[in-house]
Amino acid sequence: MSSPSSSKPAKSAPAKKNGGLLIPLGMKLRDEFLCPITRLLITDPVIASDGHTYDRPAIERWLKTHSTSPKTGSQLPTKSLVPNITLKRLLSDLLSSSSPALFCEDTGSGDLPLQRVKLVKENVLVCKCLGPVESQWNGKSFRANVQGVIGGRRRPKEETEGRDFIQFSDATVSRRHFEIKFRSGSFYVMDLGSAGGTFVRVVKDNEVRVKRGMMVMVGKHQLVFSRPGEESEIKTGVKEASEGDGTVHNPDFEGEELKAKSHSDDEEEDEEGNTQVPNDYNANLSLDDEDNYHFPSGLSCKCFAPEGTPIQGKIYPVTPSGATLGRKTCNSISFSQTVDSNVVGLDSSISGEHAHVSYKGGSYYIQDGKNGRSSTNGTWLRLSPMHKASEEFEITNGAEILIGTVRFHCFMEEQVVEKDVETDEEGGEDYEEENDLSATVGSLDLRSEGKE
């Protein structure tokens, strides 16, 4: 990579306007700060085995279908990538100081009208995979900018309107599984009607108000809340077994993955392979109606998954005195059974005292852990029934989500992005295009080193 001093720098520092850094007319970002593949400002600089630096998302997409260097065309020795920390720090320092060394003269525009560019800061959502180890995403990350992303096992046939597609090969991920959106300064996740579900982990010490139809997962078991007597009216999309007689059909059951079927074997699939369900499927629960949070006759909790557990279909009443959930037999909702005087655990992923339900102010609340101690594997909220699109759920900084069984830690990063600006015909003051940050064409990661 050539030194930034090898080209003639701008004669004066670029102007700051409306909180951004305005690139002077007749100037452009130096080539060494642009990705050779996209020709856009580098977002996450990494060095490939050809010795050249690329933007991580761009080179990772390239390596999925190529084994050659995008820069030279030569065969790559390996497909490994190494973070270019030096370039990352250099860019951060230059941007922080508004250094003219960021730019050089734009001599290749000829008689074409010059387009001014402004560098502004914005947040991006980073989703880092925490497992399972067999997932191709394990240890890797994807990013969602203000344009959002769509994820699944099959790229949609329709246009994604500038949104990146996040490809999965995991069996628990549907062809078109989830979407992350950005609006009003926040990121939101929604399920697109998957089979395996999209889940959000309950934050430590956070009480979640229970709603009719709310589905939670502890370990590998999934439960749905309702009012007593209406358990059959709440549809989960799973073809449920009737309440068992207490017999342990498989003492070693560990519920390795959800193997439940749709609530109707006669449903048709659309072109994307997603099951179509009636529009009024749990429609009364889709609205944030205050009535759905009231349980005048107590609360009912029903286990509906995974298929094969001996407690599938079992209903647990919850009174205002509350309830505890866990593997120990002393819990109100116990994930163990006694066979020949021996206690048999149903799910090793569930802690002894995993979660608890409390009643206060006329409402029920569920919280992970008990007495200040959290569970090992967490308590998770399922966003929607099988094959039913969910409402949007806000992703807060530090949140964890499950896409099928693939787990991600989500956090915000501050980035610098390029945005087009225009000038009036008489060369007066600059004004921004009348649109939002969807005009973004590149980004630069400014997070501190070592932060994941």
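Backbone N, Cα and C atoms are what each Cβ position is placed from, and that goes for glycine too.
Feature list (source: TrEMBL):
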type: DOMAIN; residues: 28-101; note: domain 'U-box'
type: DOMAIN; residues: 149-205; note: domain 'FHA'
type: COMPBIAS; residues: 228-242; note: compositional bias 'Basic and acidic residues'
type: REGION; residues: 228-289; note: region 'Disordered'
type: COMPBIAS; residues: 274-285; note: compositional bias 'Polar residues'
type: DOMAIN; residues: 323-386; note: domain 'FHA'
type: REGION; residues: 419-452; note: region 'Disordered'
type: COMPBIAS; residues: 421-436; note: compositional bias 'Acidic residues'
In the domain 'FHA' (323-386), how many residues does DSSP put in helix, strand and coil? 0 helix, 32 strand, 32 coil
Which whole number is the mean pLDDT over the domain 'FHA' (323-386)? 93
For the domain 'FHA' (149-205), the DSSP residue counts stand at 0 helix, 25 strand, 32 coil
